[in-house]
Structure formats: C-alpha cells, structure tokens
Amino acid sequence: MDGYLVISIVVILAALLAAGGLFFMFRPSAKKLPPVDTPPAGGGGEEEEQGGGTATATLAPPAPPVEELVKPPEVEVPPPSAGRMVRLRARLARSQTTLGKGLLELLSRDRLDDEVWDEIEETLITADVGVAPTRAMVEELRTKVKVLGSRTPKEVRGLLREQLLTQINPGLDRTLHTSAPGERPAVLLVVGVNGTGKTTTTGKLARSLIGDGKSVVLGAADTFRAAAADQLQTWGDRVGAPVVRGPEGGDPASVAFDAVSRGISDKADVVIVDTAGRLHTKTGLMDELGKVKRVIEKRAQVDEVLLVLDATTGQNGMRQAQVFAEVVNITGIALTKLDGTAKGGIVISVQRELGVPVKLAGLGEGPDDLAPFDPEVFVDALLGEA
Ligand SMILES: Nc1nc2c(ncn2[C@@H]2O[C@H](COP(=O)(O)OP(=O)(O)OP(=O)(O)O)[C@@H](O)[C@H]2O)c(=O)[nH]1
C-alpha cells in the first residue's frame, strides 16, 4: 500500500513539473504585445515599421505618463499699458465723432445767433456733459467767438478743443496707485453696479499691470454670483495671476482678507479685489463695502478704490455712482463701454459730480481694451483729425 502511495506522489510531481515546463516554453512573450497606440513622433513610427521582424523594431516606445499629456495652460504675456489710448483711438472716434462733428458744424456757421447757441447747448447736454459744465462752456465759447470775429475751421476746432480740455481738466492726477510704500502690495478695491463691466475691468487691469511688469493677486470677493468668480479665475489663469476665492454666498470680506494676505505672503506688487456691490439698499451696500474695506485694513491700507461706471447708462449710471461715492471713498473712475456710446460727455459730468478723475477707459470687449485715460487723446478723437 505504501509503495502504491509513493508511486502516486512521484507521478503527480512529474506531471506538475511537466506542466510548468510547458508553461515557460509557450508563455506569451513580451515581444508579441500589441503596440501601444501612441502618435508617431518625428517619423520614429515609420522606422519601426520598416524594421519588421526584429523584436525591438515592433516594440512601441512606452506611453508617457498621463500627467505629461495634460499640458499646463499657456500663460500669456500681455502688452504694456503705455500708448493704449492712442491705439484704441479709432474706437473712440467711431463712437464720439457725432458729438465732435456736430459741435464743429454748429460753431462754423456764418451767423451764430441764439438759436445756434441753443443747439450747441442741446448737443452738449444730449452727450451727457451735464447742465452746469454745458453752461460754462457755452458762455466761454460765446465770449471767445466775439473776440475772434470771423472764424476759420482751424480756429473753431482750437476753441472747442480748449474748452473741452478745460472741462476734462488735464491737470488732474490720474495715476493709478499701484505702488505701495514699503514691502506690502498695493491694494485696489473695485466697486460698482453689476453689469457695468466690473469683473471684466478687474481682469483687464490685472493683465495690463502684468504687461507693465508687476505681479498681481486677484480677490474674487463677488461671492454673490459664482460665475463672477469663475470669470475672474479665467482672467487670472490666462496671465498667471493667482485668484483667491471663497464659497458661493460666502463672506466677501473674508475673501478680500485672504486675497490681501496671499498678496503679502507672495510678495506681490498689487492685489485687486473685485466686489459684488449689490445695490439693493444703501445701508446694505454700506455694510458690505464698509466691512470689506475695514477687514482689508487689518492687513494693509486700501490704496485705490476704483468705481466702474458704464458710460452707456447716462444719468441713471450717475445716480448709482453717487450712491457708491456716499458709501465708500472713491479715488478713481473706470469708465467702461466708451466704444459703444456717443455720450462721451459723461467724462466731464462724472468727474464734476464725484470730484474724482477718470483714470481708466474701457474701449471694447477684448482683453487689452482698457487704457489709462488720456484727456488730449480723448478730445482729439472726439473732434476728429485737425
Ligand atoms: N463694448 C464694451 N463692452 C464691455 C466693456 N467692458 C465690459 N464690457 C462688457 O460688459 C459686459 C458685462 O461685464 P462684466 O464684467 O461681467 O460686468 P460686471 O459688472 O462684473 O457684472 P457681474 O459680473 O455681474 O458683477 C460683458 O459682456 C463685457 O464684455 C467695454 O469697455 N466695452
């Protein structure tokens, strides 16, 4: 019986060894693996096919790790801000020359009677210049025309140019405060009614500052609308500016605080905080913006409060601007959509009403269509070529 058992074990072992041997002889070889489907690089794929027969020739190169296939988004290098208003002058000319040409035509008439002066006044008021500045301009023009007697087109243009410039006041300091004393970043707070172009202006401004060689951190304190933070994120990603954001409906002041803290720790040059500024009630607005400003000031001074105003909204926009001015100390105005209105006179009335200079002009929807406001370029675009 024992002998029978021993023989059985030996037979089983022999069968196992034989099976193992067969497996190693016929196991699928790495050489026969299907080629990995990778795009041919530099003609290498063709060479491999021509080599046919040898194992190395049929082997495809190892697939790159997945992370390598996901390319990081390309960071754009925006152009500097200098000379932008000149570059965008055609946009202004297209929308504003109705005003300029209308005034030039009226002032060039042989007889300047009361009716014509009324028309001049009307043209200025229609273009949102505002009643008081219109009266001042008309009075000055009347006196100068009397002194001049007969007028050549060049003289008329010169007179009007001088008057418009006087009202716009080229002497105002339009510098955007983007350099802070000491180590900390400059802090810019962007306020305004939704839809005026606030988020777009924040994004464009970040681009233009980066184009001027500054580093920027963006704060998406418009937590009221998630899309606004996404929009800002896209702007930031395009130029490599970090965007600090919070949960939808979260506390805007806390996002603003975090953004400024990030700017300080990153040693950034500028932090721009985009706010929601919903104009539900004046007290609500005051609470929200007041808190954002107070909380930021725990970390750094706010160097610039930029009010974004839509030039196409006329007197309604002006009223909204006044509410913001009562709530927060505005230091500059970004006038958007100047490319889409003939009412460029709003530059004059808004400065006069708020006592704050227009510092930036929005002249289109393109990423680089925001320019430092230049009064002379503006007036020349308005009046057309001399
Ligand atoms: N033509 C023209 N369009 C502009 C200009 N600035 C902004 N816009 C457009 O105005 C629209 C509103 O801009 P947003 O930046 O979303 O406005 P917002 O004030 O931030 O509004 P919320 O995101 O709701 O807070 C967008 O379609 C912009 O492209 C400009 O200077 N010219």
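The first residue you see is number 1, and the count goes up from there.
Quick reminder: no glycine exception, Cβ is built from N, Cα and C everywhere.
Whatever TrEMBL says is automated annotation, not expert-curated.
Since this is a predicted model, take the numbers as computed values, not measurements.
TrEMBL annotations:
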type	residues	note
TRANSMEM	6-26	transmembrane segment
REGION	34-81	region 'Disordered'
BINDING	192-199, 274-278, 336-339	GTP binding site
DOMAIN	357-370	domain 'SRP54-type proteins GTP-binding'
The domain 'SRP54-type proteins GTP-binding' (357-370): DSSP-derived helix, strand, coil residue counts: 0 helix, 6 strand, 8 coil
Cβ neighbour count within 10 Å of K198 (GTP binding site): 27
Among G195, K198, T275, R278, the binding-site residues whose C-beta sits under 6 Å from ligand 1: G195, K198
Across the domain 'SRP54-type proteins GTP-binding' (357-370), average pLDDT on the 0 to 100 scale: 95
For L338 (GTP binding site): intrachain residues, at least 6 apart, with Cβ closer than 8 Å: R91, L92, S95, Q96, A311, G344, A361, G362, L363
Of G192, G195 (the binding-site residues), the residue whose Cβ has the fewest other Cβ atoms within 10 Å: G195
Coarse DSSP state, helix versus strand versus coil, of L338 (GTP binding site): helix
For K198 (GTP binding site): DSSP state (helix, strand, coil): helix
